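The following features are taken from TrEMBL:
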- 2-218: domain 'Glutamine amidotransferase type-2' (DOMAIN)
- 2: active site, nucleophile (ACT_SITE)
- 285-426: domain 'SIS' (DOMAIN)
- 458-599: domain 'SIS' (DOMAIN)
- 604: active site, for Fru-6P isomerization activity (ACT_SITE)
Ligand code: AGP
């Protein structure tokens, strides 16, 4: 979704802003712009399309300034176009960038238009900049004007504002949309994601909801939503600049697939030494809360939702705890009955997904005994608003298609299942058995990823296809769903996943020689049933691609392509079997020439409804 970068310094900040925008490209966007202020005033440059085009345009007009704001826009109100791109201006002295949505923009716009303001875009954002202009006309300073204007706004927003008459002030606001302040030496910055600023600083202040900040080269003044001065602690980024680089890989997604053994290792390290240790990773309050849990409600979106679906199988099977899983966009808008003793679990890579956050904020029922976030971003809203947190340690995930976040979420969820199970009397010997299997995960994932070359070869079969079916049974059904999501999101091939037993209840009608059918076949208790389902496909001329345990005896033959997976213990098989499906969609997308890391129409972090 949209990205914000801003900077104030004693040097030209143009390069800091453009570099920052490039580092936010992964979020998904359709246009970009920058406003730079120097002694002569504000120069604004905007372009539809990629940041590289904006960079050329900035060079062409020699735009420069010691203070500036920049933006990548993912269209919500108004089509992708230069006129709708940010920064928006009111007159020639005031420029503003905005992430989020202003829900009451239409009534504000009507009012401003009746007072003579002319709108040059279709965006909701433009009302904010004209409102600011209106208040500034009354003689209030920029920070004061921003504090007055935000009181009139409904919705979610992060803002960056500059004004010609106060060239030593960069104003920032966070309300429902993330924003961090980066601290430099005699220069400071803002961004919607700290990754944007890693080339210039590793020290950050994470604004709280409702915070407004006035930033100069040598200081930061923050007031909270009530206008009271507050001090927010600075934090150092835990990682390196290179964590967010592509390195030797062709795409971030490829790098992130191959990082999975290390990401899982880091996520499990020092956390699974013994059954008694498990609970520590969920926070100090976990023992008291887990003790009261009778049932679990999981809420998430997309890939994170698929992780939740896997967890449901584990929770009921291993810990005997009932579990419901629902996509956040549905859960938040329906009345639901909350059984007594419910643990509310959110799963999110970013921790900023609007629907998941909204669902979390709507958990007032006293029947909830606690809220647990399984999340990859320490500083995210989801983490800050949950009393229990399990941090996945996947490192920055840049590719829009989630890979290492998913497998580390599964590792965390399996730990949660064991920790909850232990509170309910699951024997330590049983837990120890699963922990021993989990310790093999980095190695098994590496073995699965070593199938890269044969999978690349196989991917040639998919390049010309328009549709694909994915099949799995039991706990592998969500893995099939995740495989289908990966293929559709980066290769744009229509893909659906079914629990293999459902095939004959409808989707079998789709199967012919043009329909590749991908299946995951670990050596589990459902293997024989799955093999029968595969026969049903073969009998209708469907071409089968099976990722099968080497001991599963699925035979290669006409129309059946088998890739042998390492022998994997049943419980952890969903984590390992995800990897070949990720690789398959990656290679198909590369062959089809799509934008693997930034697929069309998608955003990495979905911060609007
Ligand atoms: C996954 O490949 C997707 N890009 C998407 O489904 C994603 O998982 C979803 O938007 C949820 O994001 P989150 O994990 O950051 O909450």
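Placement of Cβ uses the backbone N, Cα and C atoms for every residue, glycine included.
All TrEMBL annotations are machine predictions without curation.
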Where residue 2 (active site, nucleophile) sits in the secondary structure, as DSSP reduces it to three classes: coil
Integer average pLDDT (0 to 100) for the domain 'Glutamine amidotransferase type-2' (2-218): 94
Integer Å distance between the CA atoms belonging to the residue listed as 'active site, nucleophile' and residue 604 (active site, for Fru-6P isomerization activity): 10
Helix, strand and coil residues within the domain 'SIS' (458-599) as assigned by DSSP: 66 helix, 32 strand, 44 coil
